[in-house]
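*Asks:* My questions all concern the structure below.
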Amino acid sequence: MSMLVINGGRALAGTVAVSGAKNSVLPILAATVVNAGRNVLHNCPDLRDVQSAIKILRHLGCKVTREGQTVTVDSSVIERWDVPDDLMREMRSSVIFLGPIIARCGRARLTTPGGCELGPRPIDLHLDALRRLGVHIEERGGEILCEAGKMEGRDIILSFPSVGATENTMLAATACAGVTRIINAAREPEIADLQEFLQKTGANITGAGGSEISIVGGNTRRDTEHRIMPDRIEAATYLCAAAACGGDVTLRECEPEHVGTITSALSEGGCEISVAGRSIRLRAERPLRAMPPVRTMPYPGFPTDAQAQMMAVACTARGTTIFLENIFENRYRHVGELMRMGAHIKVSGRVAVVDGGAPLHGAMVQATDLRGGAALVIAALAAHGESRVGEIHHIDRGYEHIETVLSALGADIRRE
Ligand code: EPZ
């Protein structure tokens, strides 16, 4: 299996162009199932998860081509309404295809996505919302069998602002008669990007970015072109790498307001951050100071997807930083691997206490999940000596050639 070999201890300097957002392109690829016709998506990162989503679209009958960062989906003909288990298991968020397949075909058959490294990943909020919209759902032997009855718009109150449940409900509601209101909707920027795509297809949908989204059902369809928004978690990752290593790094083509909680935490740690339009510049001298407590929350709170990367920064900072992971049950799997590099971290339930400042040293470590793997890369870049990071298929799910980007910033990193 390939691994990343990193010789750490070097400052980073240079400019990075941020890619399109993984967590936006995935629901929008699923949404092309609803918009029968030609869907041209620009700024699509070439990631393992995107390749998995494209496999599902082709399985359903879509014609999908890629030219550079542009993916074209012709969904004029949909021949199937099921997603087989092997494809469901390739990418846990494949459940996002449930709503669009029901909207287009009136029925759907998926297998339960199963758990992942972060915990059981239930989908009860998705299924409750779809049932309220008139979908008959039978869960049998790991399969989810859906049959659309009379689909009518309703008020859907989410007990938790789940990103995926918000997206699935938006997509299913396009096929409902009347108005669907999603109350306590997720407010992540990727939801607004999905709304913008759906509006371009002719859908009558408003409110994304706030806690209440309204969808007026109607089978509109229109050949559509859309540019995927920048990846705020990729941006957060490279900002954390620059902070942990020290140096002077500029991110281009990003949305600074989407990473406000990350830049303010890093500023508290002593980084000098300046914003100009769609660019962010971070300058840092090592060692940083410890940061205020990091509490992960639904957007606009601190993103759970940047918790591990921020923990790697905290390991290099002088002092104690406290983490509270409020979103996922099991999102500290990177802690044990960071400790192999000399980090001092104590975990109790959802709380992790990082006593930073002791120098990190290179080690053999293994990525445990996508963002935990990114955290190990950051720590290895800041550590003295050589590290070898294994299981990097986790990292390739969410970062396009991470070693190429970091090498361009002066890191000594190679894929073996
Ligand atoms: C999306 O996952 C993202 N994935 C995740 O990013 C991200 O961590 C998460 O939102 C939170 O921001 C994509 O967009 C593809 P949720 P999703 O539904 O939709 C519980 C990454 O690293 N829950 O908001 O699955 C769930 O167990 C990935 O890029 C239920 O209990 O997240 C979790 O504790 C990781 N029942 C919490 O809600 C449900 O029906 C947040 O889940 C659904 C969720």
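The backbone N, Cα and C atoms fix where each Cβ goes, and this holds for glycine too.
Heads up, TrEMBL stuff is auto-annotated, nobody curated it.
Not my notes, these are from TrEMBL:
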- C116: active site, proton donor (ACT_SITE)
- K22, N23: phosphoenolpyruvate binding site (BINDING)
- R92, R121, P122, I123, D124, L125, D305, I327: UDP-N-acetyl-alpha-D-glucosamine binding site (BINDING)
- 7-406: domain 'Enolpyruvate transferase' (DOMAIN)
- C116: 2-(S-cysteinyl)pyruvic acid O-phosphothioketal (MOD_RES)
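Neighbours and distances for these, please.
*Replies:* Within the same chain, the residues at least 6 positions away from C116 (active site, proton donor) whose Cβ sits under 8 Å from its Cβ are R92, D369, listed in sequence order.
The Cβ of N23 (phosphoenolpyruvate binding site) lies under 8 Å from the Cβ of V163, E188, E190, D231, I233, D305, each on the same chain and at least six residues away in sequence.
Within 10 Å of the Cβ of D305 (UDP-N-acetyl-alpha-D-glucosamine binding site) there are 23 other Cβ atoms, across all protein chains.
Reduced to three states, the DSSP call for C116 (active site, proton donor) is strand.
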*Asks:* If you average the pLDDT over the domain 'Enolpyruvate transferase' (7-406), what number do you get?
*Replies:* 96
*Asks:* What's the CA to CA span in angstrom from L125 (UDP-N-acetyl-alpha-D-glucosamine binding site) over to K22 (phosphoenolpyruvate binding site)?
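*Replies:* Cα-Cα distance, L125 (UDP-N-acetyl-alpha-D-glucosamine binding site) to K22 (phosphoenolpyruvate binding site): 22 Å.
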*Asks:* Mind computing the max CA-CA distance among R92, R121, P122, I123, D124, L125, D305, I327, which the record assigns to UDP-N-acetyl-alpha-D-glucosamine binding, rounded to whole Å?
*Replies:* 22
*Asks:* For the binding-site residues R92, P122, I123, D124, L125, I327, which residues place their CB under 6 A from an atom of ligand 1?
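*Replies:* By the Cβ criterion, which requires under 6 Å to ligand 1, the hits are P122, I123, D124, L125, I327.
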